[in-house]
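K.L.:
Handing you a structure now.
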Amino acid sequence: MTTSKTRDEMPMARQPHPVSAGPIVQLPTAFGDFVAQAWTDLATGAEHLAVSSPLPVVGVAPLVRLHSECLTGDVFGSYRCDCGEQLAYALEMINEFGGTLLYLRGQEGRGIGLANKMKAYALQEAGFDTVEANEQLGLPVDARCYKAAAQILAEMGLHEIRLLSNNPDKQDRLAQAGVKVVEMVPTEVPSREQNIRYLQTKKDRMDHRLVLDVEPAPAAGMAGFEHDQD
Ligand SMILES: [Zn+2]
């Protein structure tokens, strides 16, 4: 018998998800030359990608961006959200100052999935905000889990990081999982007519640290568009 705590005795929130790593490969991109490594969450089967600058880190700790997959924003450049621009900004920052972007798959629409995100869009076009739309669908406002992300960061040796995010909830959740955020580095990208209501909701209802320079547009037409990320 041992007196040390076993994994089963740890509070659920502190139990890491086991992860497994693949090989590190070169990834030349439009944003610079990176290295990439796939990580599999063995609890869920989700496959994530770590994209890192091979250059030495500038500053007290490496920049880390936990980027939740957003097909519409990341691939199609949708202006309903700011994900695509945040992804580009983070890659530019990491290329310049060193660090890692962890691309978290299976987190579409703050974890509700692509099809549900589209349903939420439809409700938003009917006048609900991004939080209310999820509630109307009976879905959590944020279903994302960062246990695998924290475990990947730990296994990459990234125990103290500068987090590229406006979302204080991410900082709290990483701290619970044992990753220390020594600084929050804001990732504000320009607000647009099409996403201002979404960004305003993130600021007002989800405690995001945003300085918005446009007055919220009336909830009609394109200005009523909103969505769910970061
Ligand atoms: Zn998005």
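Glycine is no exception: its Cβ is also placed from the backbone N, Cα and C atoms.
TrEMBL does not curate its annotations; it predicts them automatically.
Sharing the features that TrEMBL gives for it:
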| type | residues | note |
| --- | --- | --- |
| DOMAIN | 25-186 | domain 'GTP cyclohydrolase II' |
| BINDING | Arg65, Leu66, His67, Ser68, Glu69, Gln86, Glu108, Gly109, Arg110, Thr130, Ser165, Lys170 | GTP binding site |
| BINDING | Cys70, Cys81, Cys83 | Zn(2+) binding site |
| ACT_SITE | Asp142 | active site, proton acceptor |
| ACT_SITE | Arg144 | active site, nucleophile |
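On this model, are these features tucked inside or out on the surface, and what's nearby?
P.N.:
Around the Cβ of Ser165 (GTP binding site), 24 further Cβ atoms fall within 10 Å across all displayed protein chains.
Packing around Cys83 (Zn(2+) binding site) is summarised by its Cβ count: 26 other Cβ atoms lie within 10 angstroms of its Cβ, all protein chains included. Secondary structure from DSSP puts Cys83 (Zn(2+) binding site) in a helix.
Asp142 (active site, proton acceptor) carries neither a helix nor a strand DSSP state and counts as coil.
Taking Cβ-Cβ distances under 8 Å and a sequence gap of 6 or more within the same chain, the neighbours of Arg144 (active site, nucleophile) are Ser68, Leu104, Gln107, Arg110, Gly111.
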K.L.:
I'd like to verify something. Among the recorded positions Glu69, Cys70, Glu108, Arg144, Ser165, which ones have a C-beta closer than 6 angstroms to some atom of ligand 1?
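P.N.:
Passing the 6 Å Cβ check against ligand 1: Cys70.
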